[in-house]
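Structure, as structure tokens:
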């Protein structure tokens, strides 16, 4: 029943996505996303943050169609960089470099790029199909969940991004708290009380999420690179038109199909997006491959599987983002900020209130994927030229567009100063190993979580038990406890130590 | 990529000794600065929460103070835990990247120069308008980042081109207002 309904809504969505103007936005998004993703040092999150101001003048549907293209384009562009340059900037593309770069060095760059492109296409198609099937169901289930459940999910998101990712929990929590503090600035949403504004009129509106995102991702990154700019640089490996032979196809089709199975569920949970699933997919392909000896020296399965997993995890991310308003990756966090910019609150009601927007967005994901494949295969040699852009221009350009974006938010010069301060915080975080994702999740979800908390306690008349009076909330808190206790639990598991060593070697 | 397997801070004592070539003395403990900053922010958040004027109508049992109090206390706690971790030899791992060479010491002069250029842009955008100040931002940043061979030839041309094109695209195509300044008034 649900599936039939989804199918007809999706057809309506294609009606929205396939209008000439929206096709144009999708194409613009894909091209911009790929170009910016290919540029070294710019990952999908920074790409989306930098391109936010471009969409200010657009209506929401067009803006999100463009975003979808930027997201997928950025991911594809990122893997091109890691295959041809071998020093990936974003974690999800690390795996692509392990096998893709040796392939490129041994003259098989065209095949590596093709395996990655088709992997993205397959993963994206399968992932988005799963999104179509699952999202309305999840939204239906989520309609019944109340403030205590929401609060529990948000706490889970906070704990998960700080505990699952990164090498140090205390640094993860430090980052989260910095984000929560920034989120506190401004008028209290329920009482209008000024918080951390120090009497400044400017701060009483709060610090715009776009400024925080651009500051942490773009300015922070540009300054950090400036402090450690690689002189001389490495040459990108020149590459021809991507193609795959019969033998390669025989080796890649299974990894392409297996990737989404791993990628999609990981995208939907707050575990840092594509980082873990690409790694797991890589391990799986290595274990299943008949050509184990090639791994580490350019095994095409090691490009195909993880890339497909990465793309499917992006689709999984959208399930939580659209149905629960829960961002699980930095890109989703920035997209959520963009939704809020338009006064739209993603959540279970989004599918009812904004069907045109949601289904148009989902349909345009399919459209964008086809465009990616059609455009990127022939354009790969052009994209690879972008890798040669002189670094001073590249990072000056990032600062320039970050400034445009921050100024466009409110047209006030003081925003630029705030942007720089947040950028310096981002610089410090990169220097001392504080992960950026918890901070951005804290800024975006913090105010929301506080509202849910207060609403929940209002309902229960101030009794803390009101936070745990549903089975759902209890389950979520149980997961949180396991996550928090995991380092100690892990030691109790038999053979845990040994497995760790094997994985470290892999 | 070894992220999920790396031991948590609780294991800090059990981690293998760090590589020998790390900086010694005060610089080795520069991370304590992060701790100090968290401490300061925590104190600020708490002070703000405590001095908050709660005469404003409080709806519901949890007022506007509760969350800031929790966040402030957590900041102080994390500041202490981080300091303990640093003193026990734990170090945050500096982030790598495509254009990042961590084998060289940090070039903080460039960072300061960039921050200066950026502040100058913030000060100049209203009086000079976007096209001119934006061009200065790009040109100054490129110079700070080490573009020296074309300082007076190619760089300013690219800066001016980028700035004017951006202005026109945003202003006319995307409907985002940027100040034109006296220059655009003349044109």
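Backbone N, Cα and C define each Cβ position, glycine as well.
Segment annotation: TrEMBL labels transmembrane segment over residues B:28-47 (candidates B:28-47, B:88-107). When each of B:67-87, B:130-146, B:158-178 is scored by its Cβ pairs under 8 Å to the transmembrane segment (B:28-47), the top-ranked stretch turns out to be B:67-87.
Note on the domain 'DUF1468' (B:34-179): DSSP counts are 95 helix, 1 strand, 50 coil. Per-residue pLDDT, averaged across the domain 'DUF1468' (B:34-179), gives 86.
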